[in-house]
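Below is one structure, written out as structure tokens, with a few remarks after it.
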Amino acid sequence: MAQTINLQLEGMRCAACASSIERAIAKVPGVQSCQVNFALEQAVVSYHGETTPQILTDAVERAGYHARVLKQQVLSSQQTEDRKPVFSAKLVTGLVISAVLFFGSLPMMLGVNIPHFPHIFHDPWLQWLLATPVQFWSGAEFYRGAWKSVRTRSATMDTLVALGTSAAYFYSVAITLFPQWLTSQGLAAHVYFEAAAVVITLILLGRSLEQRARRETSAAIRKLMGLQPQTALVKRGEHWETVAIAELAINDVVRVRPGEKIPVDGVVVAGNSTVDESLVTGESFPVDKTVGTEVIGATLNKSGSLDIQVSKLGQDSVLAQIIQLVQQAQASKAPIQHFVDRITHWFVPTVIVVAIAAFCIWWLTTGNITLAVLTLVEVLIIACPCALGLATPTSVMVGTGKGAEYGVLIKEASSLEMAEKLTAIVLDKTGTLTQGKPSVTNFFTLSPTSTEESLQLIQWAASVEQYSEHPLAEAVVNYGQSQQVSLLEIDNFQAIAGCGVAGQWQGQWIRLGTSNWLTDLGVTGTEHQPWQSQAQQWEKEQKTVIWLAVDTEVKALLAIADAIKPSSPQVVQALKKLGLSVYMLTGDNQATAQAIADTVGIRHVLAQVRPGDKAQQVEQLQQKGNIVAMVGDGINDAPALAQADVGIAIGTGTDVAIAASDITLIAGDLQGILTAIKLSRATMGNIRQNLFFAFIYNVIGIPVAAGLFYPLFGLLLNPILAGAAMAFSSVSVVTNALRLKKFCP
């Protein structure tokens, strides 16, 4: 059986580094798959056989990088922060020295004589002295990275920077040591110490800014982790004590006062309140909580005090599972990333070849070694595989994190990419378009009774039904509670299978059941036209009719059905506006299915479908060329969810359905479908923008650096500009990805 492990990686500088690690792990016997996420600095490895985590980390170490096993535990938000300072001592040193060198080189770069300029800065020996610590101390990480690539027979961005800056530095050293000889050969005795130092400093600065921006891409995870309270008020004997969350056990009872966060998942055993679940589930309205209802840890108790019996802790909690799913999605790769990986694998070697070719061409055609060295340095420095490597994962990280904020959990990056391409969506009726449980939809009484008299009938009905365990009885009780009636103590309760229930209140018999049963008991009015007409109308709508009689007289009718969710019609119309063909899937007969479909605005109805045939219906739509999403919540929906190109599970459904899905809507609100599709389109659009920026930057920058326009316009980049452009490219890609944080469905 295959196992999956997450590794935290250190030492990666660019996408080529990620490719090197991926290849190193893939060579380990027993490894089935490996995905390295450069932006997240993590690897997800599936393996079997005798392979162990230690063998995998050793493989990473041999490749020249560091790895440690990530334990699946919920960390505090502070622990997820990157402790590495944005402005390190090496960067500050580089900034100070580079500023001095740049200032000293201004007259040469501008080609003018500046009066009263301190000419000591022109001294190549001083420039050499100043540039050396930047080259070999501030820039030491580039040399270490380049040496790793030599050992592993690969090439990374560190290779390019080390080669480029070394060429400028050692060329300048040669000019400083042998100026007369070079001048006698007709070569310009210009040094480029400032170029080497400034390029290293700019790249270090770019990496620091990039690191800071990348930290923002994981803000959603830190926000989720920060929701978890650290302490709870727990009952110990006859006393209440404040303890750390880690000290709680299953079945402990905790008390949550108004305005406090609920510390754990559990069941209310005393009290009632409203709870704000928006930060966890995306549900915008407070949810009523009474005895017997479940609560989610990290949600906010609003109005009343609640005593909660702990049911889940640690990794079993809803919040922990949400965090784990978001991390899983952020560590995964979108299919488009595999295309980028193939390019970055050959990118650095290609750039080195182009740089050498530019050097040879300009030296052979002009005999100008300075020009040849400059083009070599500029090509090596301006090329940037980092921008390519960051283009996709940064957008995925922000997009999946944003989805979690709206209660949309995306398991894999591939689901984001596929959701953008959807052409059809299949909605299971029960539990998706409807509430998934019976509820009273209509109450009818013949005589013109007052509101008080109607409420009394509802109170009697709910009071009798409270003693029954039948699902229809629960619907009547819930209806009574929604009308805010209190339940009475009923005497002589009776339940007759297939007929109904009865009980006495103050000597009166109250009966609820079928018309035939009431007729057999001598109740009058069951055959009267007004009652029969209303009952027949509801039965045509596939509603269950319950007759309410007091003593020997019919008093009211109740209709019970699986009510349509209020948001269903609106969501269906919105899906159509997004260009999707909407289908309803149900086991109901055609007439019943069509009535519900007409109510919510669905034209395509797949009725009388047996549970085992749902996946086949999805497959038939796929065979017609559709990219299909399936939305469901039940066990019998799991095969169809797995068959669909994108399976979307309603979070209020079964664990089996959620496990088989690609996207989970935590709150169970259909609005989450729209959020998921709109988010996928926004994320994929952002990825394409990033890839365009990264590709166009390299496609234009490398030829310009190689001197393509020099013969026509005398245009040749300064190495400093090349370094600045390279640093800016990565920062711009990450900054563009951060725009997704403003996404609003």
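From the backbone N, Cα and C atoms, a Cβ is placed for every residue, glycine too.
Note that the coordinates shown come from a computational prediction; the quantities given were computed from them, not determined experimentally.
Among the ranges 6-25, 126-145, 406-425, 626-645, the stretch that Swiss-Prot annotates as transmembrane segment is 126-145. When the topology recorded in Swiss-Prot is consulted, ILE336 and LEU740 turn out to be separated by the membrane. In Swiss-Prot, the annotation transmembrane segment applies to 194-214, one of the ranges 194-214, 320-340. Proximity of the transmembrane segment (688-707) to the transmembrane segment (343-365) is established through 3 or more Cβ-Cβ distances under 8 Å for residue pairs spaced 6 or more apart.
Using DSSP to sort the residues of the topological domain 'Cytoplasmic' (1-94) gives these counts of helix, strand and coil: 28 helix, 25 strand, 41 coil. Of all Cβ atoms in the protein chains displayed, 31 besides its own lie within 10 Å of the Cβ of ASP637 (Mg(2+) binding site). In the three-state DSSP classification, ASP633 (Mg(2+) binding site) falls within coil. Using ASP633 (Mg(2+) binding site) as the reference Cα, a 10 A cut-off selects ASP428 from the recorded positions CYS14, CYS17, ASP428. In terms of C-alpha distance, the listed binding-site residues CYS14, CYS17, ASP637 place ASP637 closest to ASP428 (active site, 4-aspartylphosphate intermediate). Between the C-alpha atoms of ASP637 (Mg(2+) binding site) and CYS14 (metal cation binding site), the distance comes to 43 Å.
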